[in-house]
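Residues annotated as domain 'MacB-like periplasmic core' in TrEMBL: B:21-245. According to TrEMBL, the domain 'ABC3 transporter permease C-terminal' annotation covers B:286-395. Per TrEMBL, the feature transmembrane segment maps to B:21-42, B:280-307, B:337-358, B:364-387.
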Amino acid sequence: MTLTPGPLSGATSDGRGPAPVIAARRLVKTYGMGDAVVHALAGVDLTVEVGDYVAIMGSSGSGKSTLMNILGCLDVPTTGRYLLDGIDVGGLDERQLSLVRNRKIGFIFQSFNLVPRTTAVAQVELPLAYAGVKAAERRRRAMAALTMVGLADRAEHKPNELSGGQQQRVAVARALVTSPAMLLADEPTGNLDSHSTKEVLGIVDRLNASGRTVVLITHEDEVAHHAKRVIRLVDGLIVSDVRQAPVAGPPPALEAAAAGPAHGELTQGGVR
Amino acid sequence: MNPFETLRFAALGLAANKVRSGLTMLGILIGVAAVILLLAVGNGSSQAVKDSIDALGTNALTVSSGAGFGAQSTATSTKPLTVADARALADPSQAPDIKGVAPEVQTSQTALYQGTSHTVSSVIGTYPAYFEASNSKVTLGDYFSADDVLASRKVAVIGSTTAADLFGTASPIGKKIVLGGTPLTVVGELATKGSGTGFNDPDDVVIAPLPTVQNAYTGFGSLSQILVEATSADTTTQAQNEITTVLMGTHGITDPTAVDFRVGSQTTLLSTRSSTTQTFTVLLGAVAAISLLVGGIGITNIMLVTVTERTREIGIRKAIGAPKGVILSQFLAESTLLSLAGAGLGVVTALVGAHFTIAGIKPVVIPASVWGAFGIAVAIGLFFGSYPASRAASLRPIEALRHE
Ligand SMILES: Nc1ncnc2c1ncn2[C@@H]1O[C@H](COP(=O)(O)OP(=O)(O)OP(=O)(O)O)[C@@H](O)[C@H]1O
Ligand SMILES: [Mg+2]
């Protein structure tokens, strides 16, 4: 199986090759003060190569979401450095941060976080609108993204008219519509049944196969089996870091289904 | 995002919550309409006073008995005004700036005509000069003459209200009414002056020759007042001085600070009245301002609630890369649309409402109040729409998302 995610094929997990997409050093996040202080992150070092597929696991309260929010530029660490694509995020101003969130990161929340009373297609168009894409082009790309997640026929539905799985697929379409280099997902399947979980993970797998870097949080081993690398957090520290498949190859779940009929689709995960 | 798109987003945002948007708009509408209308009513009433000043004639002066204004005069005894005083004033060699003099007695009587009874609020006995001095014109019949006065004939000129009450639509000319037991023949009906000042109806009046009224009702004692007409509006001050000099002579007073009569011009009388309505306007203005303030607090409250409610949404938008400016302009556009529409409808409501007579006063809209109320409402909407939004948009996305 020779599925090469473009120019990144030379990247290896030993840290050599092109600059890592995520390079976090001694990330610390504390909440509260005095006796009530909580160390949500107690000094996390994390490097993620371009094209990698990382699952973060750990018990409740171990700091997974805290880490993810910092990686997604939704929150800032108390101390520590975070380089995204080689850029020190701590040095960016408000405007630059919104650009980074818009162009580089696609974030998927456990609770979907769709804008209320807004149709699916308008929902997916939003990041493009903020990026300044023209209306016609926007509609075209939004529909392409919705088609990719299998929701073209639900484009005019509002969140309250969609099932949980469908809402999460709209959220996935919204996250990938700007073709970000990195997809971050905080328990994307936490609220979904096994069928919807399979659908959403299938989409994420194909996105990774096409070269996107994926980091997702999960509690379920089945979900973690889809990742190339599994990290475990305990009390705000990384306690294990296991590689299940090489960065350069396809995600394990797709490899298992190798030579399957879906092969042709794998390379066209993008929506541009 | 271009401005058009920002507006589209804002319109969608407002449409998504029709009841709240509607109520906010209603609040602004009422505030703006109240300010414009209340000020228009105040303005209308002072306009009416001004009109009645013109109607009464600006060269009329009234002389009435009694010490000057308040404690200014040190007169020890008061001589009543008499017909002799009036006659002295009518002497052109002593008072060259006086054109006409009309001594007046006033009373109130019940008039009867063919079983219809009507209480006339002012029955005036006077000379024909009264009609010109008080700017009273007959529309039907004629004035009574100097001859009628000399012969103390039982004739009368009546006001339009009195005529309508006693005769309905029929012509009163030549009819005999019984006023306080004395039969009087109606010779003329006065043109309607209108109830501009609102205190008493100037058209509910019966005017008869002085000796007739004195003989029938008041007796031949003192006069109620003397109405004096100056030669022109410009000579009222000279005429006023001449009156003082002449009457000091007839009353035997040497100290000008101790006079026992007072001379008032209609203008000074009415300027007191217009300053009263000024106070009235200011009062209405204050009430209006309060209603605008309350409306403003309403807007503020709804905007605050809206933003609090939508902080999560702001968080979502920030998480997918909305710059602070775009979020701000969306909320700003929403509150602009809301307050512009509300204030605009308020102006329309007020302008329509100003066509109706309110509490007997025809409102006269002050253009400045339209712009002022509109501007203030929009400014309040803008400020309190954008301020909470800017606070919410400054939050880190995760803080906004966690907002309950
Ligand atoms: N805003 C906050 N204020 C105070 N403490 C917080 C805040 N957010 C998180 N924490 C604390 O930080 C720790 C890590 O929280 P985090 O949400 O990262 O856990 P998690 O690993 O995502 O758990 P779960 O699997 O239940 O989602 C927890 O102990 C939590 O109580
Ligand atoms: Mg979590």
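Positions of Cβ are set from backbone N, Cα and C atoms, glycine also.
Heads up, TrEMBL stuff is auto-annotated, nobody curated it.
If one looks beyond the transmembrane segment (B:280-307) by at least 6 residues along the same chain, the residues whose Cβ comes under 8 Å of a Cβ in the stretch are 17, 20, 23-24, 27-28, 30-32, 34-39, 41-43, 45-46, 314, 331, 335, 338-339, 373, 376-377, 380-381, 384-385, 388-389, 391-392. Here the transmembrane segment (B:337-358) has Cβ contacts under 8 Å with residues 7, 10-11, 14, 21, 24-33, 35-37, 40-41, 299, 364-365, 370, 373-374, 377-378, 380-382, 385 of the same chain, all six or more residues outside its ends.
Note: the domain 'ABC3 transporter permease C-terminal' (B:286-395) comprises 91 helix, 2 strand, 17 coil (DSSP; helix = H, G, I, strand = E, B).
Summed and averaged per residue, pLDDT over the domain 'MacB-like periplasmic core' (B:21-245) gives 82.
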